[in-house]
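Written out below as C-alpha cells is the structure these notes cover.
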Amino acid sequence: MSFSPQEALHRTIEHGEIFFDEMVDLMRQIMRGDVSPMMTAAILTGLRVKKETVDEIAAAATVMREFARPVPVADTSNLVDIVGTGGDGSHTFNISTCAMFVAAAAGARVAKHGNRSVSSKSGSADALEALGAVIELQPDQVAAAIDRTGIGFMFAPIHHPSMKVVAPVRREMGVRTIFNILGPLTNPASAPSVLMGVFHPDLVGIQARVLRELGTERAMVVWGRDNMDEISLGAGTLVGELRDGKVREYEIHPEDFGIAMSASRNLRVDGPEQSIQMLRAVLDNEPGPALDIVALNAGAALYVAGVASDIGDGLARARAAIANGSARQRLQQYVETTRALVA
C-alpha cells in the first residue's frame, strides 16, 4: 500500500519525520503527477516549516535521479560537479561557471548541472549562452563534450523533464522548498565528487550527509559567512567535507591560502553581460578579487576531484591554468565543441 499524501501532510504538520521508503513512495507519486497541486503545495510547505531531514532529502533526490535523463559518461574518474543552490542574494558574477573552465584546464573533468537565473542576476545557463555556447544539449551530446573538452553542462530542463509537473506549484508558491536543494544533488552524469555551495549554514552538514547517503565519494559543501554559496573572500567559510565515508565540519578563511579578504560587493554584477566581462577578465589573468575567488573555488574542486592533494595545491594549479592561458583556451574549445555537436 502506498504512502498517502494525506498521511505525509499530517506527519509534517505534527513535525514528525517521513521515513526514507515513505518519502521515496511520496516523491514518485508527486513526480508522476498523481498528487494534486494543492496537496503538493501543502506538503512542500509542511516540509519547509518543520525542516527537511537528511533521509527526506536523500529519498527525494533518489527519486529525482530515477526520473532524470542520465548522461552516459563511461569514465567518471576525476569527474566533479561545481554547483550551488543559488538563492544567496549576493548577485555576484558566475564564479562557479568560471571555475569550471579553470578546473578543467588544470586536470579535472567537470560535469556541471545548472539552470537559468532564478534569484541571481545571471545563472550558469545564462552565462554560458552569453559566451556563445549551446546549452540545450542532449545527454549523449553532453557526454561527447566531456570526452572532447573535459567539460559538460547539463541544462536542467532537458535532463529533468518530469519537473514540469511541479513547476507551476513552485512558481505560484514563490518560496523556497525542498526542490531548491534537490537540484545540486541530482547530477545526471553521476559525478562521484562535488563542490556544492548552499544558501544557509544549516545545510552545510545536512547536504554533506545527504551526499554520503546518495553514494558520493568526495564532496565539499560550503557556505560563506557573508551569505555566499561559494568559498568566500569576504568572511570565513563553513565546510562540510565528505571523505572516506566520514563527514567533517570545519571553517576556512582566505588568509589560510595567502589571499586578501575582499567584500562580496566587489564581485556584484547587474546581468549576464557584466558577468561575462568579469569572467573574461579572470581568464585573461587580470589580478583582483574576482581572480582570487575563482582560483580558490577551482582549487577546492581540484581537491575533491582527486587532482590536487589539498586546497592549497589546487589553488596553485588553478592559478597556473589561468596564468598560462589554458583556462581561456578551454572556454573557447568548449564553445566551439558545443556548436559543432548541434551543427
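All positions are counted from 1 along the displayed chain.
Every residue, even glycine, has its Cβ placed from backbone N, Cα and C.
Under the heading 5-phospho-alpha-D-ribose 1-diphosphate binding site, Swiss-Prot lists Gly84, 87-88, Thr92, 94-97, 112-120, Ser124. Around the Cβ of Arg116 (5-phospho-alpha-D-ribose 1-diphosphate binding site), a 10 Å sphere holds 17 further Cβ atoms from the protein chains shown. The secondary structure of Arg116 (5-phospho-alpha-D-ribose 1-diphosphate binding site), as reduced to three states from DSSP, is coil rather than helix or strand.
Among the features that Swiss-Prot reports, anthranilate 1 binding site is placed at Gly84, Asn115. Sequence-distant contacts of Gly84 (5-phospho-alpha-D-ribose 1-diphosphate binding site), defined by Cβ-Cβ distance under 8 angstroms and a gap of at least six in the same chain, are Ser96, Pro184, Met196, Gly197, Val198, Asp229, Glu230. According to DSSP, Gly84 (5-phospho-alpha-D-ribose 1-diphosphate binding site) sits within a strand segment.
Cβ neighbours within 10 Å of Glu230 (Mg(2+) 1 binding site), excluding its own Cβ and spanning all shown chains: 26. Annotation comment: Swiss-Prot describes Ser96, Glu230 as Mg(2+) 1 binding site.
What Swiss-Prot records for Arg170 is anthranilate 2 binding site, and it gives sequence analysis as the kind of evidence. The number of other CB atoms found within 10 A of the CB of Arg170 (anthranilate 2 binding site), across every protein chain shown, is 18. Look at Arg170 (anthranilate 2 binding site): DSSP puts it in a helix.
Look at Glu230 (Mg(2+) 1 binding site): DSSP puts it in coil. The Mg(2+) 2 binding site feature in Swiss-Prot is assigned to Asp229, Glu230; the stated evidence is sequence analysis.
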Out of these binding-site residues, Thr92, Ser96, Asn115, which one has the fewest other C-beta atoms within 10 Å of its own C-beta?
Asn115
Measure from the Cβ of Asp229 (Mg(2+) 2 binding site) and count the other Cβ atoms within 10 Å, all protein chains considered.
28
